[in-house]
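Here's what Swiss-Prot has on this protein:
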type	residues	note
TOPO_DOM	1-7	topological domain 'Cytoplasmic'
TRANSMEM	8-28	transmembrane segment
TOPO_DOM	29-45	topological domain 'Extracellular'
TRANSMEM	46-66	transmembrane segment
SITE	47	site 'Important for catalytic activity'
TOPO_DOM	67-85	topological domain 'Cytoplasmic'
TRANSMEM	86-106	transmembrane segment
TOPO_DOM	107-120	topological domain 'Extracellular'
TRANSMEM	121-141	transmembrane segment
SITE	131	site 'Important for catalytic activity'
TOPO_DOM	142-155	topological domain 'Cytoplasmic'
TRANSMEM	156-173	transmembrane segment
TOPO_DOM	174-190	topological domain 'Extracellular'
TRANSMEM	191-211	transmembrane segment
TOPO_DOM	212-230	topological domain 'Cytoplasmic'
């Protein structure tokens with residue numbers, strides 16, 4: 001695929017995510033039945049955090065595309081480094097995690113993660129925009145251009161830190177309101193919740209390594225860019 005086509009792809013997907021980040025929080029804003037959905041903002045839902053993350057990543061990717069054409073590759077090392085770090089450690093693992101976990105729980109017992117009553121407010125296309133298309137968009141990014149992966153220690157540490165921060169957010173929300181962000185947690189014992197969180201990190205770490213394998217399979221070994229020291 002040509003560089004122009006890749007730039008166009010980034011621009012189109014960026015605008016798609018900008019639209020979703022604006023449109024979805026507006027759904028049923030004045031509906032009493034969706035009061036719990038809107039209380040606490042988007043930061044309590046991993047799905048909505050992921051949509052915001054994808055918008056940020058594709059925004060950085062677009063900026064990288066434009067600057068490379070305007071001022072040249074050598075002058076924007078930091079932007080390229082940040083783009084790759086964001087995609088490899090967060091954007092790809094998180095979008096794949098949301099896709100796999102949501103649909104696994106949905107087909108097992110949808111009431112654990114997406115109660116049927118939400119269908120009255122969220123059309124099917126919105127559900128798929130939040131939980132399905134995120135994966136092929138990220139997968140396409142892995143095959144459109146190579147990404148320099150950081151060391152496993154750095155990559156998995158950043159991923160782990162973000163996992164831990166979100167767990168704290170979930171627990172803090174529960175302490176404040178007495179309600180779990182996702183119904184699945186209400187069906188688990190304290191030990192079950194600990195095991196769920198542990199399994200979630202193991203899965204997300206595995207997806208990080210999976211993304212690295214895809215990158216190596218498609219592009220071969222890549223040289224990690226070194227940041228210049230002052």
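Cβ from N, Cα, C; glycine included.
Note that the structure is a prediction, hence the values are computed from the model and not measured.
Residues belonging to the topological domain 'Cytoplasmic' (1-7) score a mean pLDDT of 78 in the model.
Taking residue pairs at least 6 apart in sequence, the transmembrane segment (191-211) and the transmembrane segment (156-173) share three or more C-beta contacts under 8 angstroms. Residue pair residue 131 (site 'Important for catalytic activity') / residue 47 (site 'Important for catalytic activity') shows a Cα separation of 7 Å. The recorded stretches the transmembrane segment (191-211) and the transmembrane segment (86-106) share 3+ CB pairs below 8 A when only pairs 6 or more apart in sequence are counted, and are therefore in contact. A Cβ distance under 8 Å defines the sequence-distant neighbours of the topological domain 'Extracellular' (174-190), meaning residues of its chain 6+ beyond its ends; these are 36, 39-40, 44-45, 105, 111-113, 115, 196. According to DSSP, the secondary structure content of the topological domain 'Cytoplasmic' (142-155) in residues is 7 helix, 0 strand, 7 coil. Residues 33, 127, 182-184, 187 of the same chain sit 6 or more residues outside the topological domain 'Extracellular' (107-120) yet have a Cβ under 8 Å from a Cβ within it. Residue 47 (site 'Important for catalytic activity') is surrounded by 18 other CB atoms, counting those within 10 A of its CB over all protein chains shown.
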